[in-house]
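Colleague: Below: one structure in structure tokens.
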Ligand code: UDP
């Protein structure tokens, strides 16, 4: 096993599947099955889920809303996604816990680092909802923060694209993919892997990021088994 403890970052938008909004149950089930494959092999799995399929703070600002108010809505959206994911994972036969960065005790455990680590050691999938619990942050930052806190070996950032490219492959046909790239080179080339706050936190704490295509079945297992199918970003 290449990675023993991973933090999987899923964007909220990924949960929409082919829809324009909300949660696609079929997509959720596919993710659950892919996650089960690696849990069955003994990989310890923590997950941070985004909220962009429901609400983003900046969207609220665009509608004349106060930023902090919008960010609170975004954080709650991640808890909704976390509950949906938890349900799908349990239906697929995994033990799970949802921990929230904002107190919502009837719905999720509070985030308690030592307890989260204990759950992971027992083979439970731990979903972290509520982002960092602070406005003006993203769930990418939450993913890096939680990964460092629970001492994950790596962040696996599941996206629509299968890695980091020299340019946006959806716009530039001549773009080529990196198998590996350093944090420094990502910055020098002005490439976008995560927002700057999240990226710097990862770099400073020596936490590698693997960008990969989460929508191809079995990819998660390929990565935790050591296949280099995405792009590894490290120091
Ligand atoms: N958010 C926040 N603090 C955090 C994480 C998230 O305020 O620590 C809010 C923010 O408004 C953000 C929204 O929650 O736009 C949804 O998160 P994000 O945009 O990161 O989701 P994704 O793009 O991964 O779906």
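Cβ from N, Cα, C; glycine included.
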Colleague: According to TrEMBL, 71, 132, 133, 134, 135, 136, 137, 138, 139 bind UMP; which one of 51, 93, 163 is annotated to that same site?
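Modeller: Given 71, 132, 133, 134, 135, 136, 137, 138, 139 bind UMP in TrEMBL, the matching entry from 51, 93, 163 is 51.
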Colleague: Of 9, 51, 159, 168, which binding-site residues come close to ligand 1, meaning Cβ under 6 Å from one of its atoms?
Modeller: 51
Colleague: If you average the pLDDT over the domain 'Aspartate/glutamate/uridylate kinase' (4-213), what number do you get?
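Modeller: On average, pLDDT over the domain 'Aspartate/glutamate/uridylate kinase' (4-213) sits at 97.
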Colleague: Hey, how far is residue 168 (ATP binding site) from residue 51 (UMP binding site), Cα to Cα, in Å?
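Modeller: Here the two Cα atoms lie 23 Å apart.
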